[in-house]
Ligand SMILES: O=c1ccn([C@H]2C[C@H](O)[C@@H](COP(=O)(O)OP(=O)(O)OP(=O)(O)O)O2)c(=O)[nH]1
Ligand SMILES: [Mg+2]
């Protein structure tokens, strides 16, 4: 399924030095986001830095949200993940998409200008509407959680 979204390009390097985000393959769920940097950026172990993308994506429809997720290769091989673990982009957010990059690894990592550092996934969302009740209808699980069903 495809959904048209409005995008503002906030820096003239986008579309000139840096390609616009695009799906790498027909089945890709994520659009790779690129680091808008003036120069290479060294992330020492433990560093967290907010990196610009130069893009604003206005979802508008509250039935959707954006997720910013790490890229598997950067996360697994280099320890480059997100300072907020997952970025949640609200449907009414109109500002620049920012990526909190965290080097959770043991080695310094140099992020290059234009490098694909994270990915954006558009997901459907259902907003909850609460009905206050005094009891729930009983279920087999009830309030059991946090490993209550055992390990095997
Ligand atoms: O990785 C991220 C996460 C969030 N945002 C933007 C879009 C999102 O809609 C807004 C607010 O995010 P969130 O609600 O997660 O943060 P908050 O700390 O609750 O801020 P606020 O008080 O603005 O809601 O910040 C990003 O650009 N990148
Ligand atoms: Mg919030």
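Placed from the backbone N, Cα and C atoms, the Cβ positions cover glycine too.
For 18-150, the entry in TrEMBL reads domain 'dUTPase-like'. If you average pLDDT over the domain 'dUTPase-like' (18-150) in this model, you get 97.
If you draw a 10 Å sphere around the CB of residue 89 (substrate binding site), it holds 21 other CB atoms from the protein chains shown. Annotated substrate binding site per TrEMBL: 71, 72, 73, 84, 88, 89, 90, in sequence order.
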Set of same-chain residues at least 6 away whose C-beta sits under 8 angstroms from residue 73 (substrate binding site): none
Around the Cβ of residue 88 (substrate binding site), the count of other Cβ atoms that are within 10 Å: 12
Least buried by Cβ count (within 10 Å) of the binding-site residues 72, 84: 72
In the chain carrying residue 90 (substrate binding site), residues 6 or more apart in sequence that have Cβ under 8 angstroms from it: 59, 65
Cβ under 6 Å from ligand 1: qualifying binding-site residues of 71, 72, 73, 88, 90: 88, 90
Reduced DSSP assignment, residue 84 (substrate binding site): coil
